[in-house]
Each structure stands twice: as C-alpha cells, then as structure tokens.
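Participant: OK, TrEMBL features for this one:
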type	residues	note
DOMAIN	14-395	domain 'Major facilitator superfamily (MFS) profile'
TRANSMEM	49-73	transmembrane segment
TRANSMEM	80-105	transmembrane segment
TRANSMEM	111-131	transmembrane segment
TRANSMEM	138-164	transmembrane segment
TRANSMEM	170-189	transmembrane segment
TRANSMEM	210-232	transmembrane segment
TRANSMEM	244-265	transmembrane segment
TRANSMEM	277-297	transmembrane segment
TRANSMEM	303-322	transmembrane segment
TRANSMEM	342-366	transmembrane segment
TRANSMEM	372-391	transmembrane segment
Amino acid sequence: MTGMHRSPATGRARLLGLTLVTFVFGTDDFIIAGILPEIARDQQVSEAAAGQLVTVFSITYALAAPPLAVATARLPRKPLLLAGLVLFAGLNLLTALAPGFAVLMALRVSAALVAAAISPAAFAMAARLAAPEQVGRAVGMVAAGLTISLFVGVPLGSLLGTAFGWRPTFMVVALLTLLVMMINARMLPPVPGAPEIGVRAQLRILGRPAVLTCVLGTTMGASGGLLIYTYIGPITRDLTGHGGPLLALFIGVVGVAGALGTVAGGRLTDRWGADRALLGSFALLALAILALAGIGLGSGGTTPVWLTVIVLVAYGFAGWGFNPPMTTRALQLAGDAGTEAVALNTSALYVGISLAGVLGGAALTADGGRGAAIVAALICLATVVAMATFVSRYPSSARADAVVAGG
C-alpha cells in the first residue's frame, strides 16, 4: 500500500491535502482565543467562561481520540475523511448560528469528536501513502498543519473577529473546511481500513509497554516544552523587561521556528531513524530551556532581546520537532494498530498541554517567569533520561509483532 503508485508531484499534492486537514482542525480550536472578547460580549458571559470553549474542545479530543480510532479503524480511509470534513463544516456553520452559550458549548464538543476521529486517520494515511524512506517527512508535514494552526489561528481569529464579528469567523472556517474536503476528494486515492485484527487485539497492542513509552514521552515532552509557550509572555517579560509589541515578535519567532522544526523533524526521522531523531529533539529542547532559565538567573530583566530570540529559535525548533519522530515511532511499534496508536499519542499531547498550564501556573506564582523556565527545564531533562531508557529497551525498529517479549 505504501507509495500507492503515484508521481512525486501527486504525492506532494496528496500530502498537502492531508496537512490542510490538520490545519483546519487546529485553527478551529485555536481561533477562539482571537475572538474571545467578542464571544464573551455577545453571549453575555465572562472571558474566562468563554475560554472554556477551548478547554472543552481539547479535553473532548483527548478523551475521545483513542476509542474513536478503535471504532473506525476498519472503515475505508477516504470516505471517513471526506464525511468527517463535511460534518465538521456543518458544525462550524451551526456554531456561527448558535442561539446561546450552552448550544455553543455543545457544538464545540461535537466538533472535537469529529476532529478526534479524523486527525489520527490523516496521519496514518500520510504514512501509508508515502514511500518507505519518506514516512517520517510525510508525518512531519501533516504535523506541521497543527503547528502552523497554533500560530495562525489566534491572529486570524482576531483579524476576522475585529473586522466582521465572531459569527462570520466560524463561517469562514466552515468554507475553508469544505475547500479542504474538495481538495482531498480530488487528490486522495481509495485507502482501505486497517486489517481486521479485532478490538481485543488492538487494545492489547495499545497496552504494550513499547507503545505506552510513546504516550508517556509525549506527555512529558509536551508538559515541559509547551509550558514555555503557555507562559511566554511573563517569561520573556521577566527576562528582558519588555512586553507589549516585543511579545508578538517572540511568539512569531517561536512560530516560524516551530514550523521549520516540525518539517525538519520528519526529514531527520527518515535520515536517522525515529529513535535518534527523537532523542536529538528532546536533548536540544532541554538545552534550549536550560539556556532560557540560565540567562534569566541574575539578569534582573536585562537579558538582551537578540539573545532571547536566539534561544527561542532553538526552543521552537526542538519543541515542535519531536512530534514527527514520536508519531513515527508509535506507528512502527503499533503495526496494524497504527491509527489507534497515533490517536493515543495525540491524546497524550493534549494531556501534556493541560499539565503545562497547571505546572507552569504554580511555578509562575512561586517564582515568576524564571521559576517557570526552571520547572520546564527539569521536566525536559527527565524526558531525555526517560526516552533514552525507553528507546534502549524498545527500539522503534521492533514492529508490534516483535515486541511481545516487552509486554
């Protein structure tokens, strides 16, 4: 199935279509941050309450992705993807017409359920359609859709919300989703579901220690790495003494570096193998955050902006660069349950994001931005040690049917 007899140009077009799928889902989640004041004002709720629209989407996705992946694993991939995109567009259109906040919340839960069912399938399709030596970069490209949406969704929402209001913003997302559906309808070949191995067999594969190492590693890496991004405002303010306009610069720097790191992570996975690329990404991430914490010690808010930018480039590159090798590792270790493993791993990412907010908030309260950076550095160092142990015990070259000895 891998490669699917296509020219390089066709392969790139198919990959772009799948990347746009994750971009649309990510944008739909993050865009709310840019229109939060408009939603709160229109629905007559606090901004904190409106912010729970993002929280409920993330939590629903994290909880629903694994069981939905198991439930849909045998379905043909292309019809599943196209039907999901049509449904997602409809839900966004209904969101634009929502009469009240309770309905709005219910629609966000519904949209998250669709995204949870389709996103892992998009990753698995990218891997199956790629040539064997290009699986890593294919996964990296699809992951880049999520990364780019993180840095595009908020400003796009703010721009559209300011110009037209929050309801037309969701109409734009609905139209964009339909466009992505049409692109994939034209470009994607028929892709069958995974071989019939039974639900119990799927769950046994997902419960093996080899696969669970990916889940734990993603949770740890995301909680440490995304802690910095979650609190980038107070952290960079404590470092440089500057906020306001410079914060936009810092976020932009991390965004560009993150997008490049995601693509590079996929290419390095193909060149070095998933395990080496993964350890390299985590090591660079730990060093970058250590440097961020280090330059803050004793600086008294006088760290040069140029030095902060350099460290943030390394942080963004590595912080989003570990996703492609980790996803590839999960696919390799899970074998026929690859889609389900990707879903489980993506859920771990959302759990890590939640932990980043909790741990970072506690550290920020105790010791400001410097304390948050130190906590993030310690978590990332622990992640490097843990993943080095896991990779040694369960190398990703071992397919699911070869890791029985490990559990």
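Every residue, even glycine, has its Cβ placed from backbone N, Cα and C.
Just so it is clear, the model here is predicted, and its values are computed rather than measured.
Are these features on the surface or tucked inside, and what touches them?
Facilitator: Across the residues of the domain 'Major facilitator superfamily (MFS) profile' (14-395), the predicted structure has a mean pLDDT of 85.
Residues 28-30, 32-33, 36, 39-40, 43, 80, 101, 104-105, 108-109, 111-113, 115-117, 119-121, 193-194, 199, 202-203, 206, 337, 339-340, 342-344, 346-347, 350-351, 353-354 of the same chain lie 6 or more positions beyond the ends of the transmembrane segment (49-73) yet place their CB under 8 Å from a CB of it.
Remote same-chain partners of the transmembrane segment (80-105), defined as residues 6 or more beyond its termini with a Cβ less than 8 Å from a stretch Cβ, comprise 21, 24-25, 28, 39, 43-45, 49, 52-53, 56, 72, 111, 114-115, 117-118, 121-122, 125, 167-171, 173-175, 177-178, 180-181, 184-185, 188.
Same-chain neighbours of the transmembrane segment (111-131): 1-4, 6, 11, 14-15, 18, 21-22, 25, 28-29, 56-58, 60-61, 64-65, 68-69, 72, 77, 80-81, 84-85, 87-88, 91-92, 95, 137-139, 141-143, 188-189, 191, 194, 327-328, 331, 338-340, 342-343, 346, counting only residues six or more beyond its ends whose CB sits under 8 Å from a CB of the stretch.
Long-range contacts of the transmembrane segment (138-164) within the same chain, counting only residues at least 6 positions beyond its ends with a Cβ under 8 Å from a Cβ of the stretch, are 15-16, 18-35, 38, 122-123, 126-127, 129-130, 172, 251-252, 254-256, 258-259, 262-267, 269, 320, 323-324, 327-328, 331.
If one looks beyond the transmembrane segment (210-232) by at least 6 residues along the same chain, the residues whose Cβ comes under 8 Å of a Cβ in the stretch are 247, 250-251, 254, 278, 282, 285, 289, 292, 315, 318-319, 322, 326, 329-330, 333-334, 341, 344-345, 347-349, 351-353, 355-357, 359-361, 363-364, 369, 372-373, 375-380, 382-383, 386-387, 390, 393-394, 398, 400, 403, 406-407.
For the transmembrane segment (244-265), the list of distant contacts is 136-137, 140-141, 143-144, 147-148, 150-151, 229, 232-233, 236-237, 277, 281, 305, 308-309, 312-325: same-chain residues at least six beyond its ends, Cβ to Cβ under 8 Å.
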Participant: Could you pull out which residues elsewhere in the chain have a CB under 8 Å from any CB of the transmembrane segment (372-391), counting only those six or more residues past its ends?
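Facilitator: For the transmembrane segment (372-391), the sequence-distant neighbours (Cβ-Cβ under 8 Å, at least 6 residues beyond its ends) are 213, 216-217, 220-221, 223-225, 227-228, 231, 234-235, 275, 278-279, 282-283, 285-286, 289-290, 292-293, 296, 359-360, 363-364.
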Participant: Which bits of the chain, at least 6 residues beyond where the transmembrane segment (277-297) starts or stops, bring a Cβ under 8 A of a Cβ in it?
Facilitator: 136, 217, 221, 224-225, 228, 235, 238-239, 261, 265, 268-269, 271, 303, 307-308, 311-312, 314-315, 317-319, 321-322, 324-326, 329, 369-370, 373-374, 376-377, 380-381, 383-384, 387-388, 391
